[in-house]
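Data block below; observations after.
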């Protein structure tokens, strides 16, 4: 399950955590800690004849209480140990390197070599191939391949370039080729890598609101049980005198009873559940800026999902050639192939492949044709080829219409009908024109990812609404939304429209999650309850989000929601189990503890425990051992299933509520029998 090194380190840390300064952070376990100290003191007082407490029995109680505290420490130390193991690999990427600081951006020969730790925000550095990027920054000049495997674990290099949404670089990553001029955006100790290490190690982990609320509940229950236990000594003294039978409860038994009734199981595991949840997110290559963000992910009920890369494969594929009247399909395919032969985009290559498959149209001798290729630009929104007094263009319908009209041609109405048909089916139409004559339309189809419809169905079962965000026109968006099975869509989306949509849902009381990578996504990311910024995105997007996906995968949002829900479920399930345990331990201890004074209570000794001594020993042994038994579950998390919240609650109440009632009865009885057979009691 875990490496031996982590186990060994956790055992050492368990003893170090016995420090009062650390124990006071967990009020419930502090109660056990104080109880262990008191029981130990009573043992020594009894040993030297100062007290009437049974020395052997008191020693056994004291030792079991100390082990209970150690087991709780061990659970937390194991979770922290996993985090430290992750952090150690990250620290290897964080090392001080010499940086070429430019005095003048325009003169790359005029540099000062400074240590990366001495760089300040705004400094300009020059990085060459095979060098490590010294600090987080924004590329202001150049384009290069960057190896980010030290952070993301992905071995394939990624492109980083100035301008656009791929300009952010991370300190500790390595340039594979070319060069970059980078403006530093962080100082030592505040870099992305530093934040990752701090988060993974748990150094900057703060208790979440739900965690604090649960701890307040546990402390309140502990105080109530403390008050009840404190009254037992005078009460039993009075009752035994009045009944003329039995004797007052001993201080050792009061301590043992208090520890058994207090919610120690969840108190011991609460911290490890939170740390393990953060660790699971880190293992998914997601950095959360706070535990609050993970909890919010568990409560999310609206997901805003980008169409491209999340719902569709991202690369549209040519599926049909649709000619206008008077033009054959092969004629259209021939012109489309010529206009796309130099197009290196996935869409362009798919047009060439389709022409070859349908009509066996292959490459030409472009040198002999004296061909000149026309690349696509955002201004013209067209690409094409000029050869031997022929001109072919392909592009968006409105761009081609403007081109044809400007050159004195006529744009056929029939083409409008074909364009509308393609858009209505969820495709992207590209119009082809040769020598100012419209030939027809290339049908580019968005390929919806396999299994995505089923995933959205699962999300719907969980009560989560999915909304597709796309820049496509409403007809295209509606067709893709229907095919993918999302609940709603936002077409022709702008940054302002996304921001307003998030606010609208939040006003209705929903929690909203979204992903983004560009500077234009920053306002919406800042507004969303769970905002996942892509690691390939801009600095502005990363700063606006409360999570960063190191893999830059838009589909990761669904996994983040699952991890958040699993964290909340694990905490809820173990709390239910712990409270149910207390009820069972109550029936184990109270009857045998008091039937000397009140013989009628013998009827409540449902387990038939041998004696008060064996009952208390069995109960506190179980109380300690159950912590160790539940550590794997607290670290791994309760298995999450896609079903409505009501069914999920009923299922967990049955497993962890009823299970929490039955397990102690069986375990305590078995321990009691073992103690009796061994002659310990």
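Don't overthink the numbers, they just go from 1 along the chain as shown.
Glycine is treated like the rest: Cβ placed from N, Cα and C.
When Swiss-Prot is compared with the stretches 195-215, 216-236, 279-299, the one noted as transmembrane segment is 216-236. If you look at the transmembrane segment (661-681) against the transmembrane segment (587-607), you find at least three C-beta pairs under 8 angstroms, all six or more positions apart, and that counts as contact. All chains included, 22 other C-beta atoms sit within 10 angstroms of the C-beta of residue 306 (active site, 4-aspartylphosphate intermediate). Residues of the same chain lying 6 or more positions beyond the ends of the transmembrane segment (30-50) and with a Cβ under 8 Å from any Cβ of it are 18, 20, 23-24, 58-59, 61-62, 65-66, 68-69, 72, 222, 226, 251-252, 255-256, 258-259, 262, 264. For the transmembrane segment (59-79), the most Cβ-contacting stretch among 216-236, 255-275, 587-607, 615-635 is 615-635 (pairs under 8 Å). When other Cβ atoms within 10 Å of the Cβ of residue 517 (Mg(2+) binding site) are tallied across all protein chains shown, the result is 26. Non-local contacts of residue 521 (Mg(2+) binding site) by the CB criterion (under 8 A, 6+ apart in sequence, same chain) comprise 495, 498, 533, 537, 541, 544. The number of other Cβ atoms within 10 Å of the Cβ belonging to residue 382 (ATP binding site), over all protein chains shown, comes to 21.
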